[in-house]
Amino acid sequence: MLFYFLFILIAGSLLWLGYLYPEKNRIFQGVTFLLIVGVVGFRDFVGADFGDYVIWYKSKVRDQDFELGYVALMNVFRTLNIGYTALFFFISFFTYLFLFLGVKKFTQNQNLAIFIFLLIPSMFLLSLNTMRQSFAVSICFYAFYFLINKKYFYYLILMFLAISLHRTAILPFFLFFLVYQFADKIKVNHILILLIGSLLFSQLGLVDFFSSLFKDSRYTAYFTIMKIPANPLKLIILNGVAIFMLFYFEEMKRKYFNQKYLMVLFFLSVIITNFFSLYGDLTRIAYYFKIFEIVVIADFIFLRAKEFRVWLFSGFMIYYSSIFVYTLKMDIEKDYKCKLIPYNSILFKSLKVGN
């Protein structure tokens, strides 16, 4: 774990310095960006799916199954006779480029939002595993800015790009439109009903009816042999945080124009997680909406007076740090080839950090 602790410490220090010296913040953000891209882009067989992606790139065995955009991207690198390392670095670079661009569009509290992203396992650590979906998530995140600012052409281009990389992006494509259209009409009681209802719906096993929609597809496995329920404690905590934030829903909307959309998307991530809670891997769909949590929480912390802000910041940092450490601990205990620990880099072939 040592490597990841040092990484978070260095990235956090850079972002903190940017907060202390706003005139030099662009420099500190730039260095942080390069640090993140370097760690993610130059990793070597780190992340559960890394080895599989290497095989798929070299053998072309899944070209018929992958989305057209990702196949086209692989073929460009294959035609240029460039190895998988360059492809993975390319994906990492643009994943975090879209993330940083989106953060700059959505909030003034950019450094805190980026730091929260790094601490949320389903955001930063996920980009070491399911890199295609992480790429699509960051594109969708950035694309939503253009939707709420009525720049529909750019929104459509970016969303089609995301869908061409990972077909699950088709869900946020439609749900983003619904949130954009009806955000003003959504009230606290609507969200509370959906939070409770989605959890009950799942626990009663009613989600099984949707399995027929995926018959004869590779997603059938998520309803059968890969049916792994989400951790009950995780569900309690996620819903607890969501209900806590509901108390500040109206205040956040009054203070920040974007939050009438972003908070709904944040709540939607919890609702989707509840809905698919009996099928752990399917909760990944929620990541398209969970990414907005980084902006919601960052803005919420700065919503309060300075004295209370310190307590809020401390509380959320303890929360996010705890789940970050827990995720790494679980990685140590799991038995698969390309784990997060130890961290390996192509820059230091003989170095394994974090044993």
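Keep in mind that glycine also has a Cβ here, set from the backbone N, Cα and C atoms.
Quantities reported herein were computed from a predicted structural model and do not represent experimental measurements.
Annotated in TrEMBL:
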type	residues	note
TRANSMEM	6-21	transmembrane segment
TRANSMEM	33-56	transmembrane segment
TRANSMEM	76-100	transmembrane segment
TRANSMEM	112-132	transmembrane segment
TRANSMEM	152-179	transmembrane segment
TRANSMEM	191-213	transmembrane segment
TRANSMEM	233-249	transmembrane segment
TRANSMEM	261-279	transmembrane segment
TRANSMEM	285-303	transmembrane segment
TRANSMEM	310-328	transmembrane segment
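Ranked by number of Cβ pairs under 8 Å to the transmembrane segment (33-56), the listed stretches 76-100, 233-249, 285-303, 310-328 are led by 76-100.
When each of 76-100, 112-132, 261-279, 285-303 is scored by its Cβ pairs under 8 Å to the transmembrane segment (6-21), the top-ranked stretch turns out to be 112-132. For the transmembrane segment (152-179), the neighbouring stretch richest in Cβ pairs under 8 Å, chosen from 76-100, 112-132, 261-279, 310-328, is 261-279. Same-chain neighbours of the transmembrane segment (261-279): 106, 144, 148, 175-176, 179-180, 183, 186, 191, 194-195, 198-199, 201-203, 205, 207, 222-223, 226-230, 235, 238-239, 241-242, 245-246, 249, 252-253, 285-290, 292-293, 295-296, counting only residues six or more beyond its ends whose CB sits under 8 Å from a CB of the stretch. Among residues of the same chain six or more beyond the transmembrane segment (112-132), those with a C-beta under 8 A of the stretch's C-beta atoms are 8, 11-12, 15, 19, 29, 32, 36, 40, 43, 46-50, 53, 70, 88, 91-92, 95-96, 99-100, 103, 106, 165-166, 284, 287, 290-291, 293-295, 297-298, 301-302, 313, 316-317, 320-321, 323-324, 327-328, 340.
Beyond its flanks by at least six residues, the transmembrane segment (285-303) meets 99, 103, 106-110, 112-114, 116-117, 120, 122-123, 126, 133-134, 136-138, 140-141, 144, 168-169, 171-172, 175, 245, 248, 251-252, 255-256, 258-259, 262-263, 265-266, 268-270, 272-273, 276, 309, 312-313, 316 of its own chain at Cβ-Cβ distances under 8 Å.
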